[in-house]
Amino acid sequence: MQENLLEKQFLNHPLYTKIQELKALNLACNFSLDDSVNLSTNSQAKDEILAITKELKPWRKGPFKIDDLFIDTEWQSFIKFNILKPFMNEISQKCVADIGCNNGYYMFKMLEFNPAKLIGFDPSIKYRLQFELINALAKTPIEYELLGVEDLPRYGLKFDVIFCLGVIYHRSDPIKMLKDLKAGLNKNGVVFLDTMYIEDEREIALVPNKTYSKIPNIYFVPSISALKNWCERAGFKEFEVLATKKTDENEQRKTEWIDSFSLENFLDPKDKNLTIEGYEAPKRVYVRIGI
């Protein structure tokens, strides 16, 4: 019922109509990938495209370049993608899902590794509209569902590889989330997951009081040992740490494409190793988990 309501709201959104009008122009487009997702159209619709992109702020993940328009997103998402790039051979000719896919930046980047099928899940109308704008020009076969991780067990299609990046700390029941991911996998399937974590040898998790790095919906920030235990309790048998990285102001920063604060405002001004609340500053661990 909820997804039907979201889909109806999405289809009735005035920006969806504008994007469909743009799509109907069937603009010739050269689609290429480097750190940015690049779209070259040489079209007369530049003013319309600019207007839609401005209405779709904030742009969190990217960047994107449409002709001479550079969407300098809050996150330089290629940094995260490049951490995972050495493992992308696993998606070749596989059925792949991106859970919490935002505007689809990572999925566009995955295309160069030739997945057989690529589906994004995110229950955000604004992020879906951003995706639809980019894909109206790029014309890729990527699919996008206005669904969340909790919808995976009853989705009807299983996946060989699932990406779930920057989601688990937003969930009040992380083990249930991991079970939902497992339920969405084919036999021998794998999940690539990242989460913020705390430096501690013990099997514990930080439970922030009200906010963590000024973010209100952070429930648990685990140690790596605690994360491993969560995965085992959810039924995963393989757990491999791929990388760790501290989030810095090169990777996440305020730009003209967001109308809010960013990382520099979320850290202790006297000690960048702490959040403004006094917790460890954000850092991420990237893991590969399998059944």
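Each Cβ is built from the backbone N, Cα and C atoms, and glycine gets one as well.
According to Swiss-Prot:
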type	residues	note
BINDING	LYS61, TRP75, LYS80, GLY100, ASP122, PRO123, SER124, VAL149, GLU150, TYR169, ARG284	carboxy-S-adenosyl-L-methionine binding site
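Just so you know, of the binding-site residues LYS61, LYS80, ARG284, the Cβ with the fewest other Cβ atoms around it within 10 Å is the one at ARG284. If you take the C-beta of ASP122 (carboxy-S-adenosyl-L-methionine binding site) and look for same-chain residues 6 or more apart in sequence within under 8 angstroms, you find ILE99, GLY100, CYS101, ASN102, ARG128, TYR144, GLU145, LEU146, LEU147, GLY148. If you take the C-beta of GLU150 (carboxy-S-adenosyl-L-methionine binding site) and look for same-chain residues 6 or more apart in sequence within under 8 angstroms, you find MET177, ASP180. DSSP assigns LYS61 (carboxy-S-adenosyl-L-methionine binding site) to coil in the three-state reduction, outside any helix or strand. The record assigns LYS61, TRP75, LYS80, GLY100, ASP122, PRO123, SER124, VAL149, GLU150, TYR169, ARG284 to the carboxy-S-adenosyl-L-methionine site; their largest pairwise CA distance measures 26 Å. Annotation note: ARG284 (carboxy-S-adenosyl-L-methionine binding site) sits in a strand segment as assigned by DSSP.
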